[in-house]
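The structure appears right after this line, and notes come after that.
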Amino acid sequence: MLYCLILLLCLSSTYLPSLSLNQDATILRQAKLGLSDPAQSLSSWSDNNDVTPCKWLGVSCDATSNVVSVDLSSFMLVGPFPSILCHLPSLHSLSLYNNSINGSLSADDFDTCHNLISLDLSENLLVGSIPKSLPFNLPNLKFLEISGNNLSDTIPSSFGEFRKLESLNLAGNFLSGTIPASLGNVTTLKELKLAYNLFSPSQIPSQLGNLTELQVLWLAGCNLVGPIPPSLSRLTSLVNLDLTFNQLTGSIPSWITQLKTVEQIELFNNSFSGELPESMGNMTTLKRFDASMNKLTGKIPDNLNLLNLESLNLFENMLEGPLPESITRSKTLSELKLFNNRLTGVLPSQLGANSPLQYVDLSYNRFSGEIPANVCGEGKLEYLILIDNSFSGEISNNLGKCKSLTRVRLSNNKLSGQIPHGFWGLPRLSLLELSDNSFTGSIPKTIIGAKNLSNLRISKNRFSGSIPNEIGSLNGIIEISGAENDFSGEIPESLVKLKQLSRLDLSKNQLSGEIPRELRGWKNLNELNLANNHLSGEIPKEVGILPVLNYLDLSSNQFSGEIPLELQNLKLNVLNLSYNHLSGKIPPLYANKIYAHDFIGNPGLCVDLDGLCRKITRSKNIGYVWILLTIFLLAGLVFVVGIVMFIAKCRKLRALKSSTLAASKWRSFHKLHFSEHEIADCLDEKNVIGFGSSGKVYKVELRGGEVVAVKKLNKSVKGGDDEYSSDSLNRDVFAAEVETLGTIRHKSIVRLWCCCSSGDCKLLVYEYMPNGSLADVLHGDRKGGVVLGWPERLRIALDAAEGLSYLHHDCVPPIVHRDVKSSNILLDSDYGAKVADFGIAKVGQMSGSKTPEAMSGIAGSCGYIAPEYVYTLRVNEKSDIYSFGVVLLELVTGKQPTDSELGDKDMAKWVCTALDKCGLEPVIDPKLDLKFKEEISKVIHIGLLCTSPLPLNRPSMRKVVIMLQEVSGAVPCSSPNTSKRSKTGGKLSPYYTEDLNSV
C-alpha cells in the first residue's frame, strides 16, 4: 500500500508542470475567444494542447514554465477587459497598452488578480468609473497605468490604501472632482501622473508633500489654483515636476532651487508673478526649465552657467535686462526661447560657441548689436528666429556654413551688408525671412542648393541685380516675397515651373521685359503683385485661367495692348491695372465706376457702353453731337422725374436712415458693385435665411443681379443677467470678424465684402454661398433632395482643411477659429467649401499689439468642443483640429455630433465603439457608395487622429491637408506612421511637439 502511495506521488509530481502548462494555455485561449483580433496578432496562440504557451507571442514564462507575464501592447485587439487572465496563478504583469479595450471596469474583474505587480490598460477605450476596490483586489500592485482612456467620475479616495504602489498614471481621462488628499498616504509612490483631466478648480493638496520618494509629479491641465504649497519642498527626490496649463499664482517658491535631483521643471502657462529665484544656480542637475506664459518680471539670473541646462523657455513674460553672459558657458544648452519679453542689450558674443544650440527664438524683444558669429558653433542650429529687435551689422560667414538650419526669421531689424553666398543655398532651409532690413547685394546662383525652401521673404531691403533662373528649380517653394528692393532684369521663365507657388510679390522693383507666358502651371497661385516696375508687353491672357488667383496688381508698369477678356473668369478681391499704357475696351465685368481707380492712368482705355468706342474721325464726331444732344434732353427729363421720386423715397427711408445709417461708418475690403443704401433697403424679415447666437443673416438680391449675405448683429440687451448679451460682446464679435476676414485672402475662406458700424447697428456683408452650409446639406430637409456623394464630401473636407491650415500656418500672427463646425462651412454653387463665421476667432497676439480678443460664454459649439477646453478654458490651434475631426466624422457618418443615437458618447467615442462592435460598414452613411470604402476608412482614421483626447496626439492642420490630399490622390502617399498613439517621451507636457513661434 505504501509503495502505491509513493508511486502515485511520484507520478503526480511528474505531471504537475504539464497540468499547469495546460491550465495556463486553456486560460489564454479563453481570453483570446473574448477578443476580436483583426490583425491576427494572436495567431500563434494554438489550439494544440502539446504546444507550450511560453512560445506564444506576448507570453513570458518563468523557469518552471508558469506564465508570469502577458504583454499584448499594440496588438489592435478589440473587446472588453479579459478578466479571465487574472486566473493565471503566477501572473505578475499584464499589459494591454494601445488597443481598443472597451466597456467599463468592475470590481469583479480583479477578484483573482492578487498577484499582479504591474497592470497597464493605457491608451484604450475604457469608460465609466474606476473601481474603488482596486487597492484591496490588487494588494501587491506597484505599477498602475490607465491613462488615455475615457474614464469619468472621481479618483476613489480608497486609492490612499495602496501599500506598495510606486507608479500611478491616470492622465488623459475625464476624471472629475478634485485630487484626493488621501493619495498623500501612498508613501511608496515614485510617479504620480494625473494630468489633463476635468477636475474642479482646487489647490494642490498639501498632503502630497508626504510622498518623499516621489520622482515624477505630472499635474498639467488639472485646473489647479492658488500657490504651490510649501509642503512640496519635502519632495527632495523629484526628477520631473510638471504643473503646466493651470491657474497657479504667486511667486515661484525659492525652495524649488533646493531640489538636488530635479532634471525638469515645467511651469508653462500659469499666472506666476515676481522674479525668478536668484539661487537657480543651485540646481546643478536641472536640464529643462520652462516658466513661459506667466507674469514674471525682473532679470534672468546670472548664475545659469552652473546649470547643465538643455532647454530654457521663458517666453511671453515681462522679463527685462540683458541675456546673461554666463549662459554661453553652458555646454548642453540646445533650446533657448525668450520671445515676447522686454529684454535688452547686446547678445553675448560667444552664444552658441560652446553649446549645441538647436532652437533659438529671441523675437519681439529689444536686443541690439550683431548676431553672434558662433551661434551655430557646433553645427546643430535648426531654428534662428530673431524677429522684431534692433540687431545690426552683417550676417556672419559662419552662418553660411550652418547646414543644419531649417528656419531663419530675421525680419524687422537693422541688419545690413551682403548675405553670404552659402547662406542662400543651405540644403535643409525651408523658411528664409529677411524682410524689413537693409541688406544689399544680389541673390546668387547658389540658391539652387536650397532644395527644401518653401518660403522666401526678402521684402523691404536693398537687394539688386537679376532674379536667378535657379529659383525655378526649387519645386517646393510656396511664397516669393521680394517687394521694395532694387531687382532688375526680366522675370525668369523658370518661375512658371513652380507648381506649388501661392504668392509672388515682386512689386516696387526695377524689373523689365514681359510676364512669362506659360503660366498654366501656377494652379495654386493666390496672389500676383508686380506693381511699380518697368514691365512691358501685353498682359498674358493665361493670367485669366489661374484657378485660385484673387489678388492681381500690375499697376505702375508699361503694359500695352488690350486687357484680356479672360480676366473676367477670375474671382478677384484686388485688381489694379492703373498707370500703364493699356488701350481698347475695358472688359464688361469691370465697366463700372467702382473699378475706375483700377484702370486710371491708361489714356487709351475706353468703356464701351453702347457697343461704340471713340473713333477719331470727323463724321463720327458730328454724329456723336446729335446723339449727345438727344441724350442730354432725355437725361434732363429723367432727372426731373428722378428728383420727385427721390424726395418721396427719402421721406420713406428717413426714419430707417436716422436709426441705422445716421452715424454709420462703412468700410469695404473689396471692390463693390453696390452701395450701402441697397443693403439697408433689403433688411426685411422676408429675406432672413438664418439665425445665429450673434444675430440674423439676410439674403440680399441687389439691383445689378448680384446676391450677398448680410449678418446683422443683435442689439444689446439692457438689464438681464446674461453678461454675454451685452453690447461689449457685439463689439467683440464684430471686431473679430472684421479683423480676421478683412485682412486675409484665401479661396477656402468666405469673403467679407464690407462692414458697417453705427451707434446701434452693425452689419457684415459677405459673399453669398448659394448651397448653404454643410450642416444644411448633410442634415437639413432641403428641397431637391441634394445628396452629397463621397467625392464631393472629400473635396469639402480638403477645402475646409486648406482654409484652416491657412489660418494656422500662413497668417501672421496665426488665427484660431474657435468655432469650427459643419454649419460654419459654407458651400458655393459648385459645392466648394469655405470656412465662415469668425465671430469668436482669436488672433495670435504679438508683442506690443493691441489685438482684440473676442470672447464668448463658450468657445465653440456643443459636440465640437475639445475636451481640454473644459479644464483649461483656453483654446489654441489644437482645439480647431479637434473640432475639424468631428466634422470629418460627421461627413463620413452623416450624423450630427448631438444625434440622440450617439447616446452619452461624443462623436469620436461613438465611432470607435461602433467600429469595434460592428466594423466599418455600419458606421458609414448609408447614402454613400461603398466602392469608396477604402478612402472612407482613411478619412475616419484622420478624423480619429484629430479627435484624440490629448492635444499632443492631434496632427497639425498642415499635416491634415497632406493626409487628405493623399486620400484624394492629389499627392503621393508618404507612408506615415499609422500607430494609434505613442507614449509621451522626454518632456511630459504634450504642447511641445510644434514650435509656438514657427509660422
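Here the Cβ of each residue, glycine as well, is placed from N, Cα and C on the backbone.
Residues or ranges marked as phosphoserine by Swiss-Prot on the basis of similarity to another entry: S856.
Per Swiss-Prot, phosphothreonine is recorded for T872, and the stated evidence type is similarity to another entry.
Residues annotated as region 'Disordered' in Swiss-Prot: 972-999.
Taking Cβ pairs closer than 8 Å, the repeat 'LRR 1' (90-112) reaches residues 62, 66-83, 118-134, 137-138, 145, 912-913, 915-916, 979-981, 983 in its own chain, all 6 or more past its ends. Positions annotated as repeat 'LRR 1' by Swiss-Prot: 90-112.
The repeat 'LRR 3' feature in Swiss-Prot is assigned to 140-161. Residues 97, 114-134, 167-180, 182-186, 188, 193-194, 909, 949-950, 981 of the same chain, all 6+ positions outside the repeat 'LRR 3' (140-161), place their C-beta atoms under 8 angstroms from a C-beta of that stretch.
What Swiss-Prot records for 188-208 is repeat 'LRR 5'. With DSSP classes pooled into helix, strand and coil, the tally for the repeat 'LRR 5' (188-208) is 3 helix, 4 strand, 14 coil.
As annotated by Swiss-Prot, repeat 'LRR 7' applies to 237-259. Away from its own ends, the repeat 'LRR 7' (237-259) comes close to residues 190, 195, 201, 204, 212-228, 230, 265-277, 279-280, 282-283, 290-291, 296, 868, 872, 874, 987-989, 991 of its chain (Cβ-Cβ under 8 Å, at least six residues beyond either end).
Averaged across the repeat 'LRR 8' (285-307), pLDDT in this predicted model comes to 90. Annotation comment: Swiss-Prot describes 285-307 as repeat 'LRR 8'.
With a threshold of 8 Å between CB atoms, the same-chain residues lying at least 6 positions outside the repeat 'LRR 9' (308-330) that come near it are 268, 276, 284-302, 336-348, 350-355, 361-362, 367, 996-997. Marked as repeat 'LRR 9' by Swiss-Prot: 308-330.
DSSP assignment over the repeat 'LRR 12' (380-402) gives 3 helix, 7 strand, 13 coil. Residues annotated as repeat 'LRR 12' in Swiss-Prot: 380-402.
The repeat 'LRR 13' feature in Swiss-Prot is assigned to 404-427. Same-chain residues lying 6 or more positions outside the repeat 'LRR 13' (404-427) and placing a CB less than 8 Å from one of its CB atoms are 358, 363, 371, 376, 379-397, 433-441, 443-444, 446-452, 457, 995, 998.
Tertiary neighbourhood of the repeat 'LRR 14' (428-450): same-chain residues 382, 387, 403-419, 421-422, 456-468, 470-471, 473-474, 481, selected by CB-CB distance under 8 Å and a gap of 6+ residues from either end. The repeat 'LRR 14' annotation in Swiss-Prot covers 428-450.
For 452-474, the entry in Swiss-Prot reads repeat 'LRR 15'. Sequence-distant contacts of the repeat 'LRR 15' (452-474) (same chain, at least 6 residues past either end, Cβ-Cβ under 8 Å): 406, 411, 427-445, 480-498, 500, 505-506, 511.
As annotated by Swiss-Prot, repeat 'LRR 16' applies to 500-523. Outside the repeat 'LRR 16' (500-523), and at least 6 residues removed from its termini, the chain residues within Cβ reach (under 8 Å) are 454, 459, 467, 475-493, 529-540, 542-543, 545-549, 553.
Annotation comment: Swiss-Prot describes 571-593 as repeat 'LRR 19'.
According to Swiss-Prot, the topological domain 'Cytoplasmic' annotation covers 642-999.
Nonlocal intrachain contacts for the repeat 'LRR 12' (380-402), taken as residues 6+ away from its ends with a CB within less than 8 angstroms of a stretch CB, comprise 334, 339, 352, 356-374, 408-423, 426, 428, 433, 846-847, 995, 997-998.
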